[in-house]
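Student: Attaching a single structure in structure tokens format; questions to follow.
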Amino acid sequence: MGICVSKPSPEPDLHNHHTSIPVNDTSLPPQDNSIPPKDIAIPAQDNNKPPGKKSPFLPFYSPSPAHFLFSKKSPAVGSPAAGSSNSTPKRLFPFPPPSPAKHIKAAWARRHGSVKPNEAAIPENNEVDGGAGLDKSFGFSKKFGSKFEVGEEVGRGHFGYTCRAKFKKGEFKGQDVAVKVIPKAKMTTAIAIEDVRREVKILRALTGHNNLVQFYDAFEDHTNVYVVMELCEGGELLDRILSRGGKYTEDDAKAVMIQILNVVAFCHLQGVVHRDLKPENFLFKSKDEDSQLKAIDFGLSDYVKPDERLNDIVGSAYYVAPEVLHRSYSTEADVWSIGVISYILLCGSRPFWARTESGIFRAVLKANLSFDEPPWPSVSSEAKDFVKRLLNKDPRKRMTAAQALCHSWIKNSNDIKFPLDILVFKLMKVYMRSSPLRKAALRALSKTLTVDELFYLKEQFVLLEPTKNGTISLENIKQALMRNSTDAMKDSRVLDLLVSLNALQYRRMDFEEFCAAALSVHQLEALDRWEQHARCAYDLFEKDGNRAIMIEELASELGLGPSIPVHAVLHDWIRHTDGKLSFLGYVKLLHGVSTRAIAKAQ
């Protein structure tokens, strides 16, 4: 696991860009961001535990940092400043030290019940200190001993240890598995207990995907919880990267990215955000070069609804998304982490680097990607565009995992399957509730899309299995969701999604309207040719859709209430010559009225 700062605020402040970064922290001069033998984990250290045996191929092994590689002390506050946080750091230093930020250590320790006196943090309102009085009964089967023969301990983490084991009987008799053993004595807070309960629930719900480590069952007794998983003996993705000299060829990187994107798109469709994606959390099933890749370690994962935002800071420093640090994020944060992995695969270095966690966070928030240093000049323009669109700091402009599989760099690979994208239904919901004027504006914009830009929308439309006359209805969406959902999602999320699209119950939608409904304006805005798209779309809108409109009528179409100063907000949306929408008004209509614009007008 990575960092965990669990102090969510009721109302996340999107404008506070330094929530987790001590303002007086500084970093070193430009250093090497090349990937070291092991990534830096940031949990609090437990000095009373013996070091675990190294086992890089088990799903739950969480290695401690290699202390012999790093200096013992963090740099003092006020140490020499780092290179500019506005550009990707250069690669001049062989490895970064683990130096955890103190506030993160304290929060991790508090979450898992091992706070040291000098690191104690203020308990959250609903948090219980100590293990006394906590209900540590999970309702799991108590027959672990009768079903499994336990082998040697092969790894020890901060919250448990891992053993090899074998099935004693049944259809899997003699099969090796990995067993994560979590001592109940370690569960000294209500949060820690809930973490275990949620992890098992998520593993049980997601099991079955080819690129996800298989979950067999969970057991418990008076002292431990036992989570039985598939044994993966091919090693970590990180180890494969290092064995190849630090980077992959483009073709080999594509093969890895397709598997990662497939499983993450699957998780997101089921309403699960992983929150700790990194090379260490992907294992190969076997040592074969073409072995399947498996996602592991759902200890920080959580459920998230389509319109919900999470606000607790979790993950691993090098892979954490900017919006996580802003305490307002969703599934897009996983895509950022995939972008970091793709950057590492293609060049062997991390895109954001500093000597401390707070320095890394500052780089994540402020640094701009650079593709000037070797080997980037020799990397294809499609691959660089792929990485850029995953590492866009604005989560609204970032590709989804399903969209990334439709990117020109990847989409022509062999045996690729395009998954259903939850974003389509979120955008359709907004479209169905939009005014006729905004729908006309979106239809004009959709007519400017290129063949490559239409590819993703065509694949999504095909997955909805339209009728022979090329239309879809609510029933098509229902059947598509049922085909692509786990049993857990069928029971919980499908109905909610269908209710939000209830307007399609009484009408049908053709592909042309679907493109307008499922089009992301923000993602188009991230493209270099956005200005061209917008100008062409406005010309089309002028011919078919634009009309004279009063500010009051426009405010009504946009759903602005009487308390909003509509003339101050919308005065530049309308041309004074003929009362029609201006180009600026058209572009703003595509986005809708922002709360920032309203606040500024007030």
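Glycine residues also receive a Cβ, built from the backbone N, Cα and C atoms like all the rest.
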Student: The ATP site in Swiss-Prot includes Val154, Gly155, Arg156, Gly157, His158, Phe159, Gly160, Tyr161, Thr162. Which of Lys136, Lys142, Lys180, Lys184 is also listed there?
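Tutor: Looking at Lys136, Lys142, Lys180, Lys184, the one Swiss-Prot places in the ATP site next to Val154, Gly155, Arg156, Gly157, His158, Phe159, Gly160, Tyr161, Thr162 is Lys180.
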Student: Looking at the candidate ranges 20-40, 377-397, report the one that Swiss-Prot labels region '3 X 7 AA tandem repeats of S-[LI]-P-X-X-D-X'.
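Tutor: Region '3 X 7 AA tandem repeats of S-[LI]-P-X-X-D-X', as annotated by Swiss-Prot, spans 20-40.
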Student: Can you work out the mean pLDDT of the predicted model over the repeat '1' (20-26)?
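Tutor: Mean model confidence (pLDDT) across the repeat '1' (20-26) is 41.
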Student: For the domain 'EF-hand 3' (528-563), give the DSSP counts of helix residues, strand residues and coil residues.
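Tutor: The counts are 21 helix, 0 strand, 15 coil.
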